[in-house]
């Protein structure tokens, strides 16, 4: 790994099965979520590191969670609705990245899937039973302006 590669940062995320994508879309509809994240954008961030690391993506498709709960997080851009996942797998993959030297901008890692980046003044809470099945992990150079891809 060259110095340039180390300094460019690394992004790793999990993408989910069609079964999970269907369930997430149904959840958005049943909750009447404003500004829903499109199906093809559903993911769970595993690593958002300002330095590159030799992360090896996992292969295989299996359930990584079967439950979670809804939370609204206040962000610089508004109120974001997330499904916080009860996932030891995603937490372990994040710890693997940290063990390899990944940085992390927050005090804790919270595995989640964003359902909307802007729900306005609405609030959501409650437990959710949903099959969260990993389709694949992927990695790419870190994009600091990732929110521009959402528009």
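Each Cβ is built from the backbone N, Cα and C atoms, and glycine gets one as well.
Per Swiss-Prot, these features apply:
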- 11, 140, 146: 3',3'-cUAMP binding site (BINDING)
- 11, 140, 146: 3',3'-cGAMP binding site (BINDING)
- 43: active site (ACT_SITE)
- 45: active site (ACT_SITE)
- 112: active site (ACT_SITE)
- 114: active site (ACT_SITE)
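Structure with Swiss-Prot features highlighted.
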residue : record                   : DSSP (3 states)
11      : 3',3'-cUAMP binding site : strand
43      : active site              : coil
112     : active site              : strand
140     : 3',3'-cUAMP binding site : strand
Separation of alpha carbons, residue 45 (active site) and residue 140 (3',3'-cUAMP binding site) (Å): 12
C-alpha spacing of residue 114 (active site) relative to residue 11 (3',3'-cUAMP binding site), in angstrom: 16
Among 43, 112 [active-site residues], residue with fewest other Cβ within 10 Å: 43
Residue 11 (3',3'-cUAMP binding site): tally of other CB atoms within 10 A of its CB: 18
Residue 140 (3',3'-cUAMP binding site) CB neighbourhood, other CB atoms within 10 A: 10
Distance [Cα-Cα, Å, rounded] between residue 114 (active site) and residue 45 (active site): 10
Number of Cβ atoms other than its own within 10 Å, given for residue 45 (active site): 18
Rounded inter-Cα distance in Å - residue 43 (active site), residue 112 (active site): 8
Cα separation, residue 112 (active site) to residue 45 (active site) (Å, whole number): 8
